[in-house]
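Annotation comment: TrEMBL describes 42-293 as domain 'G-protein coupled receptors family 1 profile'. Annotation comment: TrEMBL describes 27-50, 62-88, 100-121, 133-155, 197-223, 235-256, 276-295 as transmembrane segment.
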C-alpha cells in the first residue's frame, strides 16, 4: 500500500477474515448475521422495555440499560467491516478510519467493564442494605456514575490514537481481524513501541484490571452477607438476583483476558485461535447479555410479554 512520505503511515490497512477458511466466508457470515441481529434486536428491546415500564425505573435496570447501550455500540462498531469483508470481500480500511474504529471499540470495552462493576456495587447494596438501596443509589447518583464511566473511558484512551500516529510503518499492513485493535496495529510498526506497550498495559490494569478486582471483592462481601441470612430460602433468593450479572461478567472477561494474553504473549498461538477468541470477545457478549437477562429476570420477561400482547391486541 502507498505510504505518506512525511509520517511513514500506510494509506490503508488490510483486514483479514478467518485464516484458512476464506472460500467459506459467505457461509460463515450466516452465524455472524444471526449474532449481530440478536445483539441489535435484543439490546434495543431491553432499552425499549425499561423505558416504557415504570416499575423498571430503578438502579438495577438503569445499569442494565447502560450495558445494553454499550453492547449496541460494540456491535455497530464491528458490524460494517466484518460483514463487508464476509459478504463483499472489502478488505481495506483507511488509516484514520481504522484508528477511529479502534478508539471506539476500546472505549466501549472499558465502559462495559465499568458498567459491570457498577452493577456489582448495585447488587451489593441491594443485598447488604436493602432498606437504604433506593436512598443510596438515587436516579441522579446513577446518572453521575454513568457520566463518570464514559469520561473515564474517553480520557484513558485519548492518547492511544496519537501514540499510534507517531509510529513508523514499513510495509506490513495486514491486520489479524476484520476490525482494528490496538495491539494489532501497534505490532505492524517497525519503530520502538515500548511507550505504546507500557501505556496500553497501564490503562488495561488501571481500568479493566481494577474493575475485575472490585467485582470479585463485591461478591466476596455479597457471599459474606448472604451466609449470615437466617434461612436457606433467603440465601437462594439473594444469590438468584446475581446469577445474570455473574454470567455477564464471565462472558465479557474470559474472552477479553484471553485476547489480551494472546496479543501480548502468544506469538506462537495459531492465527485461527487468535481470530476465534477476538470474534468471541466482540460478538458473543452483545448477543448473549439480552438473552441472559431476559431469561433470568422475571420483571424483564413479564414486561416483554406484556409489550408483545399489547402489539397483538
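Don't overthink the numbers, they just go from 1 along the chain as shown.
Even glycines carry a Cβ here, placed using N, Cα and C.
Just so it is clear, the model here is predicted, and its values are computed rather than measured.
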Can you work out which residues elsewhere in the same chain, 6+ from the ends of the transmembrane segment (235-256), have a Cβ less than 8 Å from its Cβ atoms?
67, 109, 112-113, 116, 119-120, 123, 126-127, 208, 212, 215, 219, 222, 225-227, 229, 277, 280-281, 284-285, 288-289, 292-293, 296-297
Looking only at the recorded stretches 100-121, 133-155, 276-295, which one has the largest tally of CB-CB distances under 8 Å to the transmembrane segment (197-223)?
100-121
Could you tell me the mean pLDDT over the domain 'G-protein coupled receptors family 1 profile' (42-293), as a whole number?
91
Which range wins on Cβ pairs under 8 Å with the transmembrane segment (62-88): 27-50, 100-121, 133-155, 276-295?
27-50
